[in-house]
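Some notes on the structure that comes next.
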Ligand code: NAD
C-alpha cells in the first residue's frame, strides 16, 4: 500500500540552530524524505540559521553529510540529493544580538507560509521571538515551532508562554512533542474512535488497569548537563508519557480538530489526582563497578537525579474512577521499547472451572520498535486434553499489514513539520496543556526535595528498581515484560 501524499504549497522554513544535533540528525533528514516523496511544490526554501560561520556551500556540504548518514536510502538518488540541497541556504545569525537578521530578511519570500523552527536551547526561545517581531519578519501566515523542554516547572512554562504570547497568537505557536508524530500514537485515536469494538469497553467497568512503558536502552551520554537538571520526571513523564496517557484516557472529541482534541486532553490532565509518595518509585542506574553508572556519567558522586520513574496515577472522572494507570520510563533498561498495555478484567464468571485458569484480554499498542497492535485473546488449547484455555495473540505489525515491508515507518518529524506548514495544530501541545502538566508534576518533584528523597539504584540492562515491581505487586498486579 502506498501512502497518500498531500502536496503543500511553497513555503520558507528557517531552522534556528540549523547546525545543531537535532537539525542535522532529525529535522533536515525528515525534510529530505518529504522532498523525495514529491510532496513539495517548486520553490520551497530551507534556511539554516545559527551562530557558526558558514557560507551557503559550506552548510550544504554539512547537510549532505548528515543526510548520507541519517537518510541513507534516499541518498542513493544523487539527483534528488542535489535538488534538495539547491533549496538549502544558510545565514550566520546570533539569536541574542541583531547580527545576521537583515540578511535573513532579504532571503525570505512574501505571501507564503513562513515557519521558524526554534531548534536551539530554551533560553533562546524568548530572544528569537522578540527579534522575529523586531525585524518585522512575522507575517500573518508565520508559525513558530518550539522544541522541548517547554519550561522547567510551572512558573517557567508560564513565563515562556507569556513571552511567546507577546509576539505571536496561540494559533501560530507549535509546541513539539515528537511522540505525538509517531504513526502508532495517531493510530491510538484511529483504533479508539474509528472502531465500534473498543470504545464500549474503554472504561473502569471493563479495564482493570493500564500500563504505559517508555523504556530506553541508551543512557544520557552527550546530554549530561541538561539531564542532571531535568531527570526522568521532567524529561519524559511530564511530556511524552503524559501525552500518551491523555490520548488513551480522553473522551471522544466531537471532531478531529485541533482544539476539540486538545480540550479533551486538557480535561484528562486536570482530572488527575495528585500522586501519593508511596505510589512513586525513582531509580538511578548504576554501572556495577564499571564506572559507567549514572553518577559517574554526570561526574557527580552524590547526584539524586532520577534516570527512572514509575508511578501509579488516577483519573477522577466517571470513565476511569477505580482504574489505575501505571506509568514507567527509564534509561539504560533491558531494551528500547515503548508500549501501552490495556489490561482488561477477567471474565466475571468462568464456565470452565478453576482448572481452566484465569485469563484476561490484553490490548498492546507498540510505539517502538516494530509499531503495531496485539490483542491477546483466550482460546481452547488445541488437542484432546479437555477444555484447557490458552492466551494467543492476534498480532498486527503495521509494517506487515500495510505492506511497507522492511521500510522504516515515516519519522515523527516528517509528519510534524508538514503539519506546521499545513497549519494543523492537532498534534502539538497547547499552552494550557503544558501548564496543566507542570501543575501536576511540580508537587511531585517538590515532595522529593522536601523529603530528601534518594533514587533507588538499579542495574544497567535490567527492568528498573525492584521497588517498581513492588508497586505493582502490592496491588496484586505485575508489569508486562520489556521486550525489544
Ligand atoms: P545543539 O547544541 O546541538 O545545537 C544548538 C544550535 O543552536 C547550534 O546550531 C548552535 O549554533 C545554535 N545556537 C546556539 N546559540 C545560538 C545563538 N545565540 N544564536 C543562534 N544560534 C545559536 O542542540 P540540539 O541537540 O540540536 O537541541 C536543540 C533544541 O532541541 C534544544 O532545545 C533541545 O532541548 C531540543 N531537543 C533536542 C533533541 C535531540 O535529540 N538533540 C531532542 C529533543 C529536543
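Glycine residues also receive a Cβ, built from the backbone N, Cα and C atoms like all the rest.
Binding of substrate is attributed by TrEMBL to 178, 182, 216, 235, and the same site annotation extends, among 107, 133, 267, 331, to 331. Among the binding-site residues 148, 216, 235, the residues whose Cβ lies under 6 Å from any atom of ligand 1 are, in sequence order, 148. Comparing residue 178 (substrate binding site) with residue 148 (NADP(+) binding site), their Cα atoms are 9 Å apart once rounded.
Rounded to a whole number, the distance between the Cα atoms of residue 240 (active site, proton acceptor) and residue 182 (substrate binding site) is 11 Å.
Checking Cα-Cα distances from residue 148 (NADP(+) binding site) against the binding-site residues (216, 235, 331) with a 10 Å cut-off leaves 235, in sequence order. Considering only the binding-site residues 148, 182, 331, the Cβ with the fewest other Cβ atoms within 10 Å is that of 148.
Annotated pair residue 235 (substrate binding site) and residue 51 (NADP(+) binding site), C-alpha to C-alpha distance, rounded: 26 Å.
Residue counts of the region 'Disordered' (456-484) by helix, strand and coil are 8 helix, 5 strand, 16 coil (DSSP-based).
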